[in-house]
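Pulled from TrEMBL:
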type	residues	note
ACT_SITE	205	active site, proton donor
BINDING	9, 10, 11, 12, 13, 14, 15, 16	NADP(+) binding site
BINDING	105	NADPH binding site
BINDING	190	L-homoserine binding site
Ligand SMILES: NC(=O)c1ccc[n+]([C@@H]2O[C@H](COP(=O)([O-])OP(=O)(O)OC[C@H]3O[C@@H](n4cnc5c(N)ncnc54)[C@H](O)[C@@H]3O)[C@@H](O)[C@H]2O)c1
Ligand SMILES: N[C@@H](CCO)C(=O)O
Ligand code: NA
């Protein structure tokens, strides 16, 4: 059979990796896919650089629309990124009857519903394994491997840049800006690195996973998003003393009790002895709790040229195998058949159930602790542990660290307001969420 013909839109980090891996492993890939997979056309604004990567192996153009318009191209791979031009190009490729592969989580988390609906209408596939946790086959696992299960929650380290920053800061004592530059140099960071450090990229990925896990539409605008820029070294140190590590987690959790779904990204204390707490550097890991299988953990490289290319090419092979299948017999984009999707709401943060780590800078005098514990008790928040740093000779203030049991976030917000108003609380209280992940 003839090779399937692929057009790349954008040949930067991921596009370059895809070209190299496809060429290097072409015989094995042909053996698995049943026919060859060949990149025959590439569009990139930087034509010279694109040509230096692909040589004479394929046609290079600057206008992506020339690839979409080419009747010989079967699959369009969008590796440009962003919500803007990428959205138009993907929709145009679908309208032209092309299958699409994309690594663009931003695009799918925001415009996924529109894109998947257009693809269904046209009977084409939109594949996106590279969009979540890069090379880890988590989309495949959630959508196919775990298909028997009712998924209860997902908690993942799904941004390599921030995990790299947290690891290097904790392990080597390096400062934030230096480590971020290194992550950019290694090709982990997004074009706009604020997406990484402010938690937006992780929220894009958590949003996509929540849709697949729970059969709800992709709703990035309902996700709670917090990054690592406000995190202080003192809290990383105190967490460690208490047996915890701080990780930026993306969490999607089904809440049977209130009929909703938690969707949130924030720095989180997790017990240091959990496998996921020991995922370091740019590595990603996703922990999934499901009713039949129990807990499963997926670990690997979530960013970088070849790990991400691995996922892009897996999608190309899937499409190659299924291109001639009846569209109704393919795996649905979001795991559930469109008519089986539901509208379970994403909960506001004040209904989220979680434990807390609190750090209060307090006056070192009698009665302070009891006033604070009284406020927590009044809001029905129970305390798990207290750590009071010994104040040095002559010091008039000290740090008080409190770990709580699970509570409703709304209660904690109200308790924090009251504690902050105490005269003996001398600085803004640090409140971080804590998850046992068991
Ligand atoms: N880098 C990673 O590790 C990684 C991992 C997973 C997913 N992703 C996603 O993959 C996509 C690509 O990321 P990247 O790191 O390869 O980005 P990149 O910036 O390295 O590459 C993008 C390429 O697209 C080209 N381009 C920009 N606008 C264009 C246009 N209008 N027409 C044609 N070409 C255009 C640029 O010249 C560049 O070569 C993004 O959606 C990103 O979020 C990246
Ligand atoms: N910027 C992303 C790339 C992979 O999606 C990260 O650091 O994980
Ligand atoms: Na993946």
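Numbering starts at 1 and runs along the chain as displayed.
Here the Cβ of each residue, glycine as well, is placed from N, Cα and C on the backbone.
Curation plays no part in TrEMBL annotations; they are all automatic predictions.
The Cβ of residue 15 (NADP(+) binding site) lies under 8 Å from the Cβ of 8, 42, 44, 53, 77, 79, each on the same chain and at least six residues away in sequence. Close contacts with ligand 1, defined as a Cβ under 6 Å from any of its atoms, occur at 12, 13, 14 among the recorded positions 12, 13, 14, 16, 205. Here the candidates are the recorded positions 14, 16, 190, 205, and by Cα distance the one nearest residue 105 (NADPH binding site) turns out to be 205. DSSP assigns residue 14 (NADP(+) binding site) to a helix in the three-state reduction. Under 6 Å, Cβ to nearest atom of ligand 2: this is the test, and of the binding-site residues 9, 12, 13 it is passed by none. Across the structure, residue 12 (NADP(+) binding site) and the residue listed as 'L-homoserine binding site' are spaced 12 Å apart at their Cα atoms. Annotation for the binding-site residues 10, 12, 16: lowest Cβ count within 10 Å of the residue's own Cβ, 12. Each of the recorded positions 105, 205 was scored by the number of other CB atoms within 10 A of its CB, and the lowest score belongs to 205.
Taking Cβ-Cβ distances under 8 Å and a sequence separation of 6 or more, the neighbours of residue 11 (NADP(+) binding site) in its chain are 19, 42, 44, 49, 50, 53, 54, 79. Counting other Cβ atoms within 10 Å of each Cβ, the binding-site residues 9, 14 show the lowest value at 9. In space, 190 is the closest of the binding-site residues 13, 14, 16, 190 to residue 205 (active site, proton donor), judged by Cα positions.
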